[in-house]
Amino acid sequence: MVQRVLSVSFTHVLRTLAVMLLPLSFISLIAWATAGSATGNTSDPIRAALWLWIGAHHIPFSLTLSVGAPGYLSYLPIGAIVIPFLALRSGFYRAINKLHMDYHSLDSVRIIYASFYTAILTLLSFFSKSPSVAPKWYLAPIFGFVIAYAAAFSASRGTKISKALILASQTVALALGAAFICLGILIFTHLKTVNNLTTVLQPGIFGGVLLLVVSVFYLPNAAVALLSYFLGTGFAIGSGTNVSPFTRVIDQIPAFPIMGVIPESTSKLALIAVALFVGLGAVHAIRNLSSGNKSLFQSSLLAILLVALLSYLSSGALITDAMGAVGVSIWKTTLAFTVEVGIGLALAVFIPVLFERNKR
């Protein structure tokens, strides 16, 4: 039985890898052939495909730039995580159907499946390095296992998620959803600037399609940055920069389409959104009151951790020292969310208690 679980899990992990790597290899090969290189060789597109796949797991890269200066790439698109997640989810679902309940524990199958995938991801991250690009392979076990296990968990039928986690996810999703709506409005109202930034790049037809895909993958990063902006802490577009309702310290905007929505000046009116976060905290408290104080504490803590995780995933370095800080400040965003939502939560909990005391 164990041997069959191992065999089926490993087979479907390999199939999942093929589903992801073959299209990426095709894209890399076309890009390599289109760009042309006097010093390139046929192994370059294969490595590029591996790096795209590794980067989709949010694993950062150390770089050696053409001028000999060191570089670092950790500002990676959150949206790209959906590629390995959906592929792994589909692969695990097929593996479970193949096993026909021939296993002792579903969780053990998840662990075996995730472990196989993580091992392959780690090995390929280590051996795909080149003199100029080196993935941080020691982070692969963390990101790989979490993504693979989460995908396997979501593919399983009858899985139960704690109510505290559901409520925390809904609270954060509500805030992030509002940020996405505002981002969509900003893109529409700044369409000319976005178009101008696209024109500057002159990507061509194939490059334009790739640029569109990359821009879509970076939309969650932009939404988190906008969320931080409305919290009052803002975000950075390079070392020593800050864009918030209070300050706008930035020299120039990078030539990337989504950057066209960056506010052109400070706006104290944006701080009105703070009241919405306070209201979000009140709604969060009201939804948890029926479950007791323990559930309220757990869901609030999980919501804070989710915001911290999103802040981490949506920030990082973008190759050069000048772009060494892009995105939100993890601790500032998390702290602002905790304080503002916490105020609303406290008001929703204690105001009814005070009214009850006054009635007595």
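Easy rule for this one: first residue shown is 1, then count along the chain.
The backbone N, Cα and C atoms fix where each Cβ goes, glycine too.
Annotated in TrEMBL:
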- 12-36: transmembrane segment (TRANSMEM)
- 75-96: transmembrane segment (TRANSMEM)
- 108-128: transmembrane segment (TRANSMEM)
- 134-152: transmembrane segment (TRANSMEM)
- 164-188: transmembrane segment (TRANSMEM)
- 200-219: transmembrane segment (TRANSMEM)
- 226-249: transmembrane segment (TRANSMEM)
- 269-289: transmembrane segment (TRANSMEM)
- 301-323: transmembrane segment (TRANSMEM)
- 335-355: transmembrane segment (TRANSMEM)
Do the transmembrane segment (335-355) and the transmembrane segment (75-96) share at least 3 Cβ pairs under 8 Å, sequence separation 6 or more?
no
With a Cβ cut-off under 8 Å, give me the same-chain residues at least six positions beyond the ends of the transmembrane segment (269-289) that come close to it.
167, 171, 174-175, 178, 229-232, 245, 295-296, 299-300, 303, 337, 340-349
Counting only residues at least 6 beyond its ends, the same-chain positions whose CB falls under 8 A of a CB in the transmembrane segment (200-219) are 27, 30-31, 34, 77-80, 180, 183, 255-258
Hey, which bits of the same chain come close to the transmembrane segment (108-128), Cβ under 8 Å, at least six residues off its ends?
5-6, 9-10, 12-13, 16-17, 47, 50-51, 53-54, 57, 59, 88, 91-92, 95-96, 99, 135-137, 140-141, 144-145, 148-149, 152-153, 156
